[in-house]
Each structure stands twice: as structure tokens, then as C-alpha cells.
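Below is one structure, written out as C-alpha cells, with a few remarks after it.
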Amino acid sequence: MRIGLGKGLAAVVVAGLVALSAAAQAQQAPIMIKGQPYEYDKDNAQDVMRICAGCHGELGNGGGGGAYPRLGGLNADYLAEQMRKFKSRERENIPMIPFAVDRELSERDVLDVTRYLSEIKLDTKPPANMPADGYARLQIMKKVLQIPREPGDAEAGKAFYAADCGPCHGNKGQGRLKKPALAPQFIPYLKTQVDSFLSGKRQHDDIEIMKARSPEEWKNLWAFLSSLQD
Ligand code: HEC
Ligand code: HEC
């Protein structure tokens, strides 16, 4: 996965990183991979991102009508854990099978690309003053993630969400650590996940609280989640 960087330069960069992170490491044990301490390699992350971009977008903004989830700005530990679940097939993901094997994507690649994705900041609205230049506009729009609104009673959905989901996923769907952000995220993607939880294909805590809700209540929940961006 490593392209570019002459060995000399790489050594200087690594030495710099080691010095920079020495203080941090004094407090926190480094992550070890095959006996070597792990250091974030942004160049490698960008190389790996080229594979992911075909489906998830250059900035991890997702798309395909919600077939491909937004990844940009999600928690790095959550993303890495999902990658490991794809690799072990604990979580099924047929489109990603060719990429989610050790030969294609090492643990180092997983840590690099998930950290890179977690540091991307996506906006939910275009800025008020858009540049006139077409190329500049295109670059800005790549960072804008707009979730189509879902029909339903968003107020009722808010009450359902606050009671059952907010305590873990955050009151505005912003997520917390390994409890992923649910907003802004493509609703068709989230619906597929809930179907997988309900059928036992994917694991979720307290599944009974999901089973207890009617289709009408779910519709309202999606209406609420799709309204959180504005
Ligand atoms: C061929 C298309 C494709 C490629 C390439 C691809 N993915 Fe995916 N990815 C998907 C699909 C489809 C899903 C949704 C699966 C589902 O519905 O559960 C997904 C889901 C994910 C998720 C789960 C997100 C969540 O919120 O739980 C992560 C993380 C992820 N991909 C990371 C990556 C990374 C990193 C790469 C590059 C190494 C990559 N993907 C490449 C198609 C792709
Ligand atoms: C006890 C904490 C908890 C509660 C309560 C909770 N969740 Fe979750 N949720 C999680 C965790 C943890 C995950 C990640 C699961 C994994 O690792 O695969 C998750 C994942 C999800 C996902 C998948 C997101 C993605 O990006 O793939 C969806 C959708 C979801 N939850 C919806 C809900 C909804 C809707 C509710 C309320 C009915 C809810 N959750 C309540 C902890 C919680």
C-alpha cells in the first residue's frame, strides 16, 4: 500500500513523528502491530482512500442514494471496529469483500484510513457565498452532505428518539465514541442496518426496544433523523 516517499525522507518523517509523539506515548501505551509501535501515516491513508473513494466518495461523504454510507467525520475507533468485523465476516458486506481481507487491507491500513476519515469535516449546507468559478464550487460541494428529508411526523419521531436512542447516539444524533453518529447519515442506509439488527444479521444492544416499535413509529423516527441537519 505504500507509494512514494524515498527511504531517507521517510526516515526523517518517522523520526519526527517519534519525537513528537514521545510525550503522548509516555502517558499512553502505543498500539503495537506485529511487534512494532503503530504511527499514523497520512500518505498511506490517502493511498488507501483511493480504493474507498470509488464507493464512499473522496471525502467519505457516501452516496449512491444511500447505498454507500457517509464515513467522513465518524469516530475512528468505530470505523476501525467495523472494518475488522467486515474482515472477520462477523458483519456481512458483500460489495466490500474484495477489499476487506488482510492481503488487501492490513491492520496498519485500517488504522490509517479510519483516522484519516475521522478527521474529515463535512458540512450539511453550502456556504452562503459560493465562488463563481465552477471548479471551486465543485470542490466545496464535495464537502456538503445533504440528506433528503423523509416523510412522517418528526415531532413524534423526536420523542421516540429521545427516549430510546439519544442516550447512546447523542440527543442530536451526533454519536459518542463507538456509538456511531446517526445524523447526518443516509436514511436508506440506516434503514438497512435496522432491518439487519431486527433479523439478527447484525448485532445491536437492547434489540427489544427496536422490536417494540411499530412501522408508523419508525417512519416518524426517520423523519426526525432526516430533519437534524437544518
Ligand atoms: C465496492 C464498493 C465499496 C468500496 C470500494 C468500499 N466500500 Fe465500504 N461499504 C460499502 C457498502 C455497500 C457499505 C454498506 C454495507 C451495509 O449496508 O451494511 C459499506 C460500509 C462501510 C462501513 C460501515 C459504516 C458504518 O457506519 O458502519 C465502513 C466503515 C466502510 N464501508 C469503510 C470502507 C473503507 C475504509 C473502504 C476502503 C478501504 C471501503 N469501505 C470501500 C461499499 C464499499
Ligand atoms: C445501549 C446503547 C445504544 C442504544 C440505546 C441504541 N444504540 Fe444504536 N448502536 C449502538 C452501538 C454500540 C452501535 C454500533 C454497533 C456495532 O458495533 O456494530 C449502534 C449502531 C446503530 C446503527 C448502525 C449505524 C451505522 O452507521 O451502521 C443504527 C442505525 C442504530 N444503532 C440505530 C439505533 C436506534 C434507531 C436506536 C433507538 C431505537 C438505537 N440505535 C439505540 C448503541 C446503542
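Here the Cβ of each residue, glycine as well, is placed from N, Cα and C on the backbone.
On a predicted model such as this, the values are computed, not experimentally measured, just so you know.
Per TrEMBL, the features are as follows:
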type	residues	note
BINDING	Cys52, Cys55, His56, Met96	heme c 1 binding site
BINDING	Cys165, Cys168, His169, Met210	heme c 2 binding site
DOMAIN	40-121	domain 'Cytochrome c'
DOMAIN	152-229	domain 'Cytochrome c'
SIGNAL	1-26	signal peptide
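Features per TrEMBL, on structure.
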residue : record                : DSSP (3 states)
Cys52   : heme c 1 binding site : helix
Met96   : heme c 1 binding site : helix
Cys165  : heme c 2 binding site : coil
Met210  : heme c 2 binding site : helix
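When the binding-site residues Cys52, Cys55, His56, Met96 are ranked by how far their Cα is from the Cα of His169 (heme c 2 binding site), His56 comes first. For the heme c 1 site, the Cβ centre of Cys52, Cys55, His56, Met96 serves as reference, and the other residues of the chain with Cβ at most 8 Å from it are Ile51, Ala53, Gly54, Tyr68, Leu71, Pro95, Phe99. When the binding-site residues Cys52, Cys55 are scored by other C-beta atoms within 10 Å, Cys52 scores highest. Taking a Cβ distance under 6 Å to any atom of ligand 2 as the criterion, the binding-site residues Cys55, Met96, Cys168 reduce to Cys168. Here Met210 (heme c 2 binding site) comes close to Asp164, Val194, Phe197, Leu198, His204: these same-chain residues lie at least six apart in sequence, with C-beta atoms under 8 angstroms from its C-beta. Residue pair Met96 (heme c 1 binding site) / Cys165 (heme c 2 binding site) shows a Cα separation of 28 Å. Contact annotation for binding-site residues (Cys52, Met96, Cys165, Cys168, His169, Met210) versus ligand 1: Cys52, Met96, each with CB under 6 Å from a ligand atom.
The two recorded residues Cys55 (heme c 1 binding site) and Cys168 (heme c 2 binding site) have their Cα atoms spaced 28 Å from each other. Between His56 (heme c 1 binding site) and Cys168 (heme c 2 binding site), the C-alpha separation comes to 25 Å.
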